[in-house]
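Feature annotations, reproduced from TrEMBL:
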- 2-130: domain 'Glycosyltransferase RgtA/B/C/D-like' (DOMAIN)
- 20-39: transmembrane segment (TRANSMEM)
- 44-60: transmembrane segment (TRANSMEM)
- 66-99: transmembrane segment (TRANSMEM)
- 111-130: transmembrane segment (TRANSMEM)
- 161-181: transmembrane segment (TRANSMEM)
- 193-212: transmembrane segment (TRANSMEM)
- 218-235: transmembrane segment (TRANSMEM)
- 247-269: transmembrane segment (TRANSMEM)
Amino acid sequence: VNSYVVFLISKKLYKNLNLALLTATSFFLMPAVSVSSFLVSTDIILVLFWSLALLQTLIIKEKPSILNFILLGVFVGLAFLTKYAAIYFIISIIFLFFEKIMRNIFFKNKLFSLCFILTFVVIIAPNIIWNINNNWVTFEHTADNAALDRSGLHLTESLKFVGSQIIMVGPLIFLFFIFGFVKNFINDFNTRFLLIFSLPAFVIVLFESFLVRANANWAAVSLISFLILFVHITFKYSKKLIFINNVANFVFGLCFFSLIGLGASYGPFKKISGISSFADSLIDHNNLGQINKLVISDRMLFSNLSYFYYNSEIQIYVPFSPNTRRGHHFQ
């Protein structure tokens, strides 16, 4: 589904069917997509709604109707409910106002823009209300992940983050983009649009990686626009290079899923985490089958054991003191 949305974005930007097909194929075979499809993380849903919001923004450029503004609010709101990283989209929209054509569309259609804002607010309202009633626990959890209170200078972490982004989008397409950048780069609306919806998220997370750390997926939404731009630049001077990139990414995906399939019989991931054997040992050596009650403070361990004991009669509890703030939603 996401690949098709990327196809539509590329087609709407560059009016080139062949380029759009190659872009969608490149996205489908992108290393980040292969890994994410196995992990089934929330980033998959976030990227989908982000892509739909990107497409909807381009539709508004062509047809600024009230329905299209409402749909934009729906997609951005759903993206925000998926992960708070969707806030980068709002930041990008602010930068988009530097484009005169988009600024005029949003400011001259004040009622439509208000409908976009109201739709967005209505969709995220349940999350905000829940957080108000629970001391903003999910926002505090996000802040804990960022760990800005433990900031310093970490050049190595920044280099790791940049390297992870290159690997996620595909090392070859990145190199091909670099080689063709000077000759084929055009400072037009399409290029600026893609950079507006990629650079803010990337730069913010890069800065965070320099201060503390950053996981590879924290700027995943920026890869959509980056990839569309990379493929476009490469397409202008060599379609064969895109083919080479896609073949290389296909081989990576094939090897990746083959290793997972071949390893399923002896469970390499179970051995790495040890959670399966730990769950069995709790039952075998601690009379858990008779006690049927377990208290766990760690949220990751709680979620893993909840999965393994889902069909059993074992009841799992999380300790919580009324005089302290909630540490996670299991409490």
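Counting starts with 1 at the first residue shown.
Any Cβ shown, glycine's included, is placed from N, Cα and C.
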Recorded stretch that, among 44-60, 111-130, 218-235, has the most CB pairs under 8 Å to the transmembrane segment (161-181): 218-235
Whether the transmembrane segment (193-212) meets the transmembrane segment (20-39): three or more C-beta pairs under 8 angstroms: no
Among the ranges 20-39, 44-60, 111-130, 218-235, the one whose Cβ pairs under 8 Å to the transmembrane segment (66-99) are most numerous: 111-130
DSSP residue counts for the domain 'Glycosyltransferase RgtA/B/C/D-like' (2-130), split into helix, strand and coil: 116 helix, 0 strand, 13 coil
For the transmembrane segment (218-235), sequence-distant contacts whose Cβ falls under 8 Å of one of its Cβ atoms, 6 or more beyond its ends: 6, 9-10, 13-14, 16, 19, 22-23, 26-27, 30, 32, 36, 43, 46-47, 50-51, 54, 85-86, 88-89, 161, 165, 168-170, 173-174, 176-177, 180-181, 184-185, 190-191, 193-195, 197-202, 204-206, 208, 241-242, 245
Local confidence of the domain 'Glycosyltransferase RgtA/B/C/D-like' (2-130) - pLDDT mean: 93
